[in-house]
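Participant: Sharing the record's features from TrEMBL:
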type	residues	note
ACT_SITE	Glu95	active site, proton acceptor
BINDING	Gly22, Ser23, Met24, Phe25, Ser26, Gly27, Lys28, Thr29, Asp94, Glu95, Ala96, Gln97	ATP binding site
BINDING	Cys151, Cys154, Cys183, Cys186	Zn(2+) binding site
REGION	187-226	region 'Disordered'
Amino acid sequence: MPMEPLILRHGGSVGWIEVICGSMFSGKTEELIRRLRRAQIARQRVEVFKPRMDRRYSETEVVSHDENALRSTPVDNAEQILLLAGSADVVGIDEAQFFDMTLVDVCQQLANDGKRVIVAGLDQDYMGRPFEPIPQLMAVAEYVTKLHAICAVCGAPANHSQRLTNEEGRVVLGAADRYEPRCRRCFQPPRPSAERPFRAVAPEAAPRSDAPQALPAASSARPCEK
Ligand SMILES: Nc1ncnc2c1ncn2[C@@H]1O[C@H](COP(=O)(O)OP(=O)(O)O)[C@@H](O)[C@H]1O
Ligand SMILES: Cc1cn([C@H]2C[C@H](O)[C@@H](COP(=O)(O)O)O2)c(=O)[nH]c1=O
Ligand SMILES: [Zn+2]
């Protein structure tokens, strides 16, 4: 079971930031829901937010891949969280990678205001690049929990999200239809389009070479599309 900060009760004046990160299917949403439910049991006022664009499973709930769900408020941008957090003791934010860097200041303001802020999101994109604003939030957070899924190819702890389609934008919503978790050895970062074709690998057909996968050439890396 992942470590949870020992201080569970909101002290009235001192707030803090907790980040829950990892690859897709690593259990970020489950862990977020678990912490928020415990805060509700402790009769703390809990508000949960997610980006409105994430409509995969529900518009008004955060939902895990295992169909665990908690009511949430969809917002269009990070500033709205500040406006809507009101007198909450605990603020939960899911799919934080879909907010821009403003989220860092918003979380800082909420924590400075005495709130416990729990943020869940992807720390890397489908290319294996740090996925802002999670790395910046990790730097300013009091507590960081990094979770791992099970590699869909070999069963090792998975740190990466392998995109199984040829879509190239940084933001492409999806679940098992488009992504699977992979470990460092099985992850194949897609090459820039000029060097394609990229092979979307079905789990049973994935190569099992012992050689590390080649990284894309630095000179051909695309700028951040977000
Ligand atoms: N390869 C996998 N590794 C781990 N969990 C998986 C995998 N495939 C499906 N799951 C399911 O996904 C659940 C985690 O879902 P979720 O909390 O939504 O993850 P995340 O928010 O990190 O994407 C697990 O409890 C498990 O039931
Ligand atoms: C790697 C990666 C993922 N996404 C999308 C796919 C899903 O809609 C979410 C992640 O959801 P989860 O709760 O962590 O499973 O993000 C993306 O848009 N771009 C990416 O590079
Ligand atoms: Zn693997």
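In case you wondered, yes, glycine gets a Cβ from its N, Cα and C as well.
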Participant: Other residues near the Zn(2+) site, CB within 8 A of the CB centroid of Cys151, Cys154, Cys183, Cys186?
Facilitator: Ala152, Val153, Gly155, Ala156, Ala158, Arg182, Arg184, Arg185, Phe187
Participant: Give me the CA-CA distance between Cys154 (Zn(2+) binding site) and the residue listed as 'active site, proton acceptor', in Å, as a whole number.
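Facilitator: For Cys154 (Zn(2+) binding site) versus the residue listed as 'active site, proton acceptor', the Cα atoms are 27 Å apart.
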Participant: Let me know the most crowded of the recorded positions, choosing from Asp94, Glu95 and counting other Cβ atoms within 10 Å.
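Facilitator: Going through Asp94, Glu95 one by one, the largest Cβ count within 10 Å is at Asp94.
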Participant: Take the Cβ of Met24 (ATP binding site) and count every other Cβ within 10 Å, whichever protein chain it belongs to.
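Facilitator: Counting Cβ neighbours of Met24 (ATP binding site) within 10 Å gives 23.
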Participant: Met24, Ser26, Cys151, Cys183: which of these binding-site residues put a Cβ within less than 6 Å of any ligand 1 atom?
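Facilitator: The binding-site residues passing the 6 Å Cβ test are Met24, Ser26.
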Participant: Identify which of the following binding-site residues, namely Met24, Ser26, Asp94, Cys151, Cys154, Cys186, place a Cβ less than 6 Å away from any atom of ligand 2, and list them by sequence position.
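Facilitator: Only Met24 qualify.
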Participant: So which binding-site residues out of Met24, Ser26, Asp94, Cys154, Cys183 are up against ligand 3, CB under 6 A?
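Facilitator: If the test is a Cβ under 6 Å from any atom of ligand 3, the answer is Cys154, Cys183.
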Participant: Given the binding-site residues Ala96, Cys151, Cys154, Cys183, Cys186, and counting only Cβ atoms in the protein chains shown, which has the most within 10 Å of its Cβ?
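Facilitator: For the binding-site residues Ala96, Cys151, Cys154, Cys183, Cys186, the Cβ with the most other Cβ atoms within 10 Å is Ala96.
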